[in-house]
Structure formats: structure tokens, C-alpha cells
Amino acid sequence: MNNPLGRSTQKPEQQTQNNQKNNRAKEFEKQLQEEERMLAQSAGIINNTQQTNIQQQQPAYSQQQQLNQQPQSVFGQIGQMLDAPRKLFFRNTTTQQQPIQQGQRQPTDQNEPEIIQTNIVQTYTTRDIKSIGLEIVQPGEIALQELRGICSISTQQFQGIIVATNYQIVFLPDKFPKDFRKDYFYIPYTLMIKVEKTMDRKQNDANFIEISCKDGRWFKYRFLKEQNDDCNSIFNVINKNAFTLNKQTLFAFTFYKEYSNLENDYQGWKIFNIEKDFERMGINILQENSQNQNGLFKYLNNENGIICSTYYNRLVVPAKADLDCIQKTAKFRSKERIPILSYAFPINGKVISMWRSSQCRTGIGQNRSTEDECYLKYMSFQTVDEQENQYEDKEIRLRIYDARPHINAIGQQVAGKGYENTLFYRRCSIDFLDIHNIHKVRDSQTKLLKAAFNENVQFLSQLEQSQWYDHIVAIIKGSAKIAITMTKEKINVLVHCSDGWDRTAQLTALVSIMIDGQYRTLEGFMILVQKEWINSGHQFCQRSAIGNKQNNEDSRSPIFLQFLDCVFQMQQLYPLSFEFNEKLLLDLAYHHLTSLFGTFLCDSFLEIQKQRIMEQTVSIWSWIMKQKDKYMNAFYKNPQSIDQDVIIPESFTGKSITFWKGYFLYYSLESNDAYQIHPQCQYTCDNLQEMYKSLSKENHVLRQAQKDQEKLAILHQQKFNQLMQIIQETQNEEIIEKLQTIKLI
């Protein structure tokens with residue numbers, strides 16, 4: 001027999017070895033059929049008659065013999081064929097008993113048992129990625145390997161094809177289960193958190209690849225022992241792409257090469273302009289080189305991180321703080337993250353401001369910095385001509401909100417850090433908001449996702465034990481407390497946690513949303529995330545575990561997802577106050593982990609600049625602006641005054657919580673509706689504005705068609721009149737008599 005490469009592989013001395021392989025294949029076939037029968041019987045989906053039919057099926061072992069006669073692997077040939085765009089050297093796997101078109105998906109009947117067939121013929125062919133059957137293909141995505149196997153999910157098994165592309169792993173079941181979402185089997189590499197390869201130690205006749213995802217999904221792929229080389233190859237492809245330490249190999253850079261016109265058209269990387277943002281707030285800020293001292297705030301040059309390497313390249317600081325004071329304050333703050341202006345609003349001739357920073361370096365010995373104390377004094381000023389001695393010593397002019405539990409802040413003193421001692425910071429008070437650290441949040445998410453994908457647990461009790469929403473309540477209550485201090489007590493605030501890039505970003509962003517309606521618009525929310533998260537140094541790369549080695553869990557934590565859940569809670573409380581809908585939050589929750597865009601690939605703005613991310617990747621804001629209609633809330637009411645503009649949930653408790661089913665149960669089969677509406681639903685169809693636009697277009701088309709018909713009728717009448725006039729002028733008595741007979745004259 002000749003293999004597809006044209007070389008004869010059958011030799012006389014191999015016959016004995018092939019017979020042994022055939023025997024093992026027969027045993028493997030029987031074992032799989034028995035496992036499938038027991039699995040189906042335990043799930044209650046087959047009856048005794050069906051079991052008898054299954055046992056009577058005879059496998060075609062001739063196909064396995066053909067498999068044994070082929071070489072173990074030709075995956076090395078793939079690299080020679082990469083020059084052909086979107087076409088590669090593939091393994092084409094079909095069965096002789098029931099040839100199935102690859103990529104074809106048919107809904108399965110749960111009452112019908114699915115037989116897992118393993119007698120497979122391997123052939124090699126050149127395939128176009130679109131012909132494989134992938135329904136979701138990104139620009140620039142190419143397939144690297146295609147391999148047939150069995151995918152296990154909980155108690156269900158599916159036979160199909162595993163396709164490894166340069167962006168994701170996709171499993172294409174031969175019969176797609178009707179209860180599953182279309183993207184259930186699509187796994188972008190950076191969405192993977194753990195990948196393991198194991199063997200069947202009992203029978204030693206199968207290989208397994210197990211993949212755990214950051215959104216809670218879990219997959220186990222099973223391959224024949226004869227596919228060992230190919231299994232190793234696809235395992236290496238996954239590891240190389242999922243846990244790369246080189247950002248330049250991430251798919252975002254390939255995506256930009258194919259889709260750079262999107263960034264050119266919408267300029268998402270330029271959505272935030274610090275001067276325009278503060279001008280919109282009505283805040284006057286002096287330029288860096290300005291000689292005018294008549295102001296509360298001034299810009300500070302931070303190019304190349306000369307003051308702080310994790311901040312934006314331009315900062316807003318108190319106008320009265322000179323460079324020496326700023327530099328010494330930076331040394332007294334963790335990671336040199338000095339207090340910078342986050343948000344402010346003018347009222348009654350004063351300016352109420354919110355600042356953000358990291359913790360100070362007080363240590364156990366209660367170290368002091370007169371420059372830091374002076375810096376905070378300047379932050380408390382609300383007017384240009386304000387004097388320190390015009391207020392009583394006990395009057396609070398600046399309230400410090402430490403996001404941490406008090407005991408944790410005390411513990412930081414052992415490491416030479418800590419919190420502000422109000423004995424030294426005059427007219428300042430400090431409150432602790434009792435929000436837990438990244439490790440507690442990661443543990444809570446792990447428990448919640450385990451409950452969401454486990455069919456054998458008491459979900460509500462597991463949800464409570466995860467304490468996920470205890471954290472959400474603490475964040476929203478803390479944000480509301482800060483917003484009340486600013487809007488009702490008219491006191492300036494400083495917000496910080498440990499390093500000022502996790503809990504601090506959550507609080508300052510939520511306070512901005514509560515106070516300023518602009519940040520509840522689609523454009524304003526994008527600007528807010530860019531300003532408070534990306535430009536202010538949230539470590540997206542470490543928190544999302546992108547560009548890290550496998551099992552490096554210490555820095556990973558769903559801090560940004562936690563913030564999105566808080567925004568979702570606000571949407572449920574104030575459904576008329578947000579211009580954008582839940583779909584925006586879901587897409588951000590998904591794509592900040594996928595490495596499709598460059599927006600979330602780095603830990604600071606300086607890192608974005610040094611690695612030239614803006615020049616080589618697409619911003620997610622460009623992608624959102626292109627399809628912004630689907631993110632619009634039909635019930636949005638634009639605020640007309642400051643009274644309507646401020647939304648503060650002053651009495652937010654656990655009773656105010658709405659479980660974010662759209663995210664945590666998105667892939668859960670138990671949460672799907674019985675009418676199977678969700679695969680057909682689009683947010684644009686549910687959006688009344690979209691429906692109105694669609695109906696308007698239809699009405700326009702109908703009105704235009706009616707006008708065309710009227711014009712056509714008039715034209716026909718004119719032609720008919722002309723014809724009758726010609727007939728009468730010719731005086732043809734025979735024609736005139738016939739026309740009179742049919743009463744046309």
C-alpha cells in the first residue's frame with residue numbers, strides 16, 4: 001500500500017508487528033464502546049433495545065490496518081508549506097463506515113445515543129481554513145494542525161476534529177449538540193490557564209490533553225496511541241502559543257497586519273486626551289512650563305517614567321508642589337506612585353478633587369516625610385487663594401480612603417510600608433474600606449467558576465461560600481462612601497491600597513461613574529477604562545497571566561472582571577443612566593484575556609510605548625466603535641442636570657446584588673432557556689433603537705415602492721392616451737369599432 005506521500009511503507013517483516021497493533025486496536029474499540037454504553041446508560045439516554053443494537057455493531061478493522069501502515073507523523077512538513085496563505089498541510093480524518101463532511105454540524109437528539117467510532121483512516125491533504133468548518137475566524141488566522149479525536153466535557157463525549165490555529169484551539173464535533181453555544185469549543189490560547197498531557201496508564205492505548213480555561217471551561221481530548229506523535233505536536237503548539245514569554249508572538253500582532261485599516265479608521269489608541277478630559281470637567285490646569293501660579297493644579301512631565309515608571313506620561317499634581325517636593329514624595333510612596341489627580345468638579349467657586357496613589361513607606365518605626373505631608377496639604381486646597389490658617393485644626397480638609405482591611409495595612413508596616421499617621425498629616429482623616437487582596441479574589445473566582453460548571457453541587461450554597469459577592473458589595477459600598485464624601489460633605493479625597501493599581505483603580509473608576517454621567521456613555525466609559533486602568537498602570541499582563549509561564553498563579557487575579565461586575569450591578573440599579581448595555585461588559589470581560597487586541601497586553605503605559613504596542617496592534621476601542629450600535633442601551637436617558645447626573649447607591653447591601661448570569665453562566669447548559677432562543681438572539685434585535693431603525697428603513701422602502709408604482713401608473717396612462725389619440729387620428733373604422741365594443745372609447 002502506498003501512503004499519500006508516495007512512499008511504500010509495507011514490508012514483510014512488519015506483518016507480525018501490524019497484527020499486534022490490530023489486536024490492540026480491537027481491544028481499544030471494545031473498551032470505548034463499553035465505556036460509551038455505560039456512560040449513556042448512566043445518563044438515562046438509551047434503553048435496553050438500543051444497548052443490544054450497540055453491541056451488535058461490528059467495527060471495520062481494515063481501516064485501522066491502513067492507519068498502522070502510515071508513518072507516525074509528518075507534522076514537520078507543515079513548516080515547508082507556510083508560504084501558502086491560509087492553506088497548510090493537514091491531516092484529513094474520515095471514516096469509511098459513515099463519511100462525515102468536516103466542519104458539518106447537526107443538532108443531536110439527547111434521546112439518541114452517540115457512538116464514538118475510533119477506526120480512523122489518516123490521509124494528508126492541503127486544506128483551506130474556511131473549508132474546515134470554523135464559524136468564527138479572525139483576520140490573519142491560519143490553521144497549524146488538524147487531528148481527529150474525542151472531546152470529553154463533564155459526562156458527555158463527542159467525536160470530531162481538533163483544529164489548532166495560530167490564535168486558538170477549536171473542536172468541531174461531527175454532530176454539534178443543540179444545547180451548546182456556537183463558541184463553546186473555541187479556546188483562544190491566552191484564555192488557557194493549564195494544559196496537561198497524560199496517558200491511559202491502565203490500557204496504555206490512548207493519550208489525553210486536558211485544558212483548563214480562565215472562564216471555567218474544561219476540556220479533555222482523547223487520541224489513539226498511534227496518534228502519539230501528532231498528539232505531541234499539537235500539545236507543543238498549544239504550549240508555545242498559550243504560555244509564550246515573547247509578546248511579539250501573540251496573535252494581536254498578526255491581527256493588526258490583516259486589520260490595520262480598522263485602527264486607521266477609528267483611532268482607538270488616541271481616544272484619551274488628558275487635556276480634553278479635564279477641560280470637560282471644567283477644571284483649569286496649568287501647563288508644565290507656565291509661569292502663572294494662579295491655579296490649583298498643574299501638569300507634570302513623566303516622559304520615560306522619570307517620576308514614576310508605572311504612570312502615564314503626563315500627570316496632574318498640586319500647583320504649589322515644586323519638583324523637589326514631588327521627587328521626595330515619590331521616594332516615600334511605594335513604587336514611586338505619588339498622589340495624582342483622578343477626577344474633580346467645580347461647585348460654588350470651589351473645586352472638589354479625588355486623588356489616587358500607593359501606600360506610604362512609614363514602616364514599623366513610623367517614618368515621616370515632611371514633603372509628603374506638605375504634598376497632601378496642597379491636595380486639600382479647594383480654592384486658589386486658600387490659606388492653611390483659615391480652618392480649625394480639627395476640621396477635616398482631606399479624607400484618606402485606604403482600600404485594605406486595617407489589619408492588612410498594619411501588616412504592611414513589617415515590610416517597611418503602611419499607612420498615613422493622622423498625627424502628622426494635619427486636617428486629614430483615614431478610613432479603611434476592608435476590601436481584600438488579589439489572592440482572596442482569585443480564590444473566590446475559582447470557587448464560583450467551579451460551582452458554575454459542576455452539575456453535582458448545590459449552586460446557591462456554593463455561590464455563597466465563594467464570597468465573590470461579598471467582595472463586590474465591599475467595593476460598591478466603599479465607592480459610594482467616597483462619592484458621598486465628595487458630593488455631600490464637599491471634602492477632597494485620596495484613594496490608595498497597597499501599590500495603587502488594583503483596588504484603587506476599581507474605586508476611582510466607580511466613583512467617577514457615580515458622580516459624572518459622561519463616564520456612563522459609551523465613549524466616556526472607554527475613556528475611563530483607558531485613563532484609570534491602562535494609563536494608570538493596572539498590571540493587565542500579570543493579572544490576566546498573559547505572557548507568563550504555566551502554573552504562575554501568584555500574580556493572576558480577576559480584578560478587572562470584578563470591576564465589570566460592579567458596573568453591571570450599577571446598570572441593574574440605574575437602567576436608564578447607562579448609554580451602553582451588558583454586551584459591552586461581556587465583550588470586555590472576554591477580550592481582555594484573548595490577546596486579540598493590544599489594549600490589555602502590558603502592565604503600564606511606558607511598557608506599551610517601549611514595545612511599540614500602539615504601532616503594531618489594534619485597540620479594542622476601535623473594534624467597539626465600529627460596531628457601537630450593538631452596545632447601545634435602548635432605555636438610556638441623557639441626564640439634564642447635576643441632580644440627575646449623580647447616582648450613588650447609598651444603602652447598597654447583599655440584597656441589592658443581581659447575579660451576573662450573562663457572564664458566569666454563559667456556557668452553562670442548565671441556564672439555557674427551554675425555547676432555545678439564545679442561539680438566535682442578538683442584542684441589536686432586542687434593542688428598541690435598532691428595531692426602530694430597521695422599521696424606518698422598511699417603511700422608507702415601502703414608501704419608495706409606492707411612489708414608483710404611482711409614477712408607473714401615470715406613465716402607463718399617458719402612453720395609453722397617446723395610443724388612443726393616434727388611433728382616432730388614423731380614422732380606421734374597423735379598429736375604432738372594436739374599441740367601442742370593449743368600451744375603451
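Yeah, the Cβs are placed from backbone N, Cα and C, and that goes for glycine too.
Predicted automatically and left uncurated, TrEMBL annotations should be read as such.
Per TrEMBL, the features are:
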ACT_SITE  Cys497  active site, phosphocysteine intermediate
BINDING   Asn437, Ile438, Cys497, Ser498, Asp499, Gly500, Trp501, Asp502, Arg503  substrate binding site
COMPBIAS  1-22  compositional bias 'Polar residues'
COMPBIAS  24-36  compositional bias 'Basic and acidic residues'
DOMAIN    268-664  domain 'Myotubularin phosphatase'
REGION    1-36  region 'Disordered'
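Taking the features listed in TrEMBL, we show where each one sits on the structure.
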residue: Asn437; record: substrate binding site; contacts (Cβ under 8 Å, 6+ apart): Arg404, Asn408, Ser498, Asp502, Arg503
residue: Cys497; record: active site, phosphocysteine intermediate; contacts (Cβ under 8 Å, 6+ apart): Ser358, Gln359, Asp402, Ala403, Arg404, Ile435, Arg503, Thr504
residue: Asp499; record: substrate binding site; contacts (Cβ under 8 Å, 6+ apart): Ser334, Lys335, Arg337, Ser358, Gln359
residue: Trp501; record: substrate binding site; contacts (Cβ under 8 Å, 6+ apart): Thr310, Arg337, Ser358, Ser536, Gly537, His538, Gln539
For this session: Identify all same-chain residues not among Asn437, Ile438, Cys497, Ser498, Asp499, Gly500, Trp501, Asp502, Arg503 whose C-beta atom falls within 8 angstroms of the centroid of the substrate site's C-beta atoms; report them in sequence order.
Result: Ala403, Thr504
Seminar exercise, completed: Other C-beta atoms within 10 angstroms of the C-beta of Arg503 (substrate binding site) total 29
Exercise. Of all the Cα pairs drawn from Asn437, Ile438, Cys497, Ser498, Asp499, Gly500, Trp501, Asp502, Arg503, the residues the record ties to substrate, which distance is largest, in Å?
Worked result: 12
Problem set entry | Confidence summary (mean pLDDT) of the domain 'Myotubularin phosphatase' (268-664) | 93
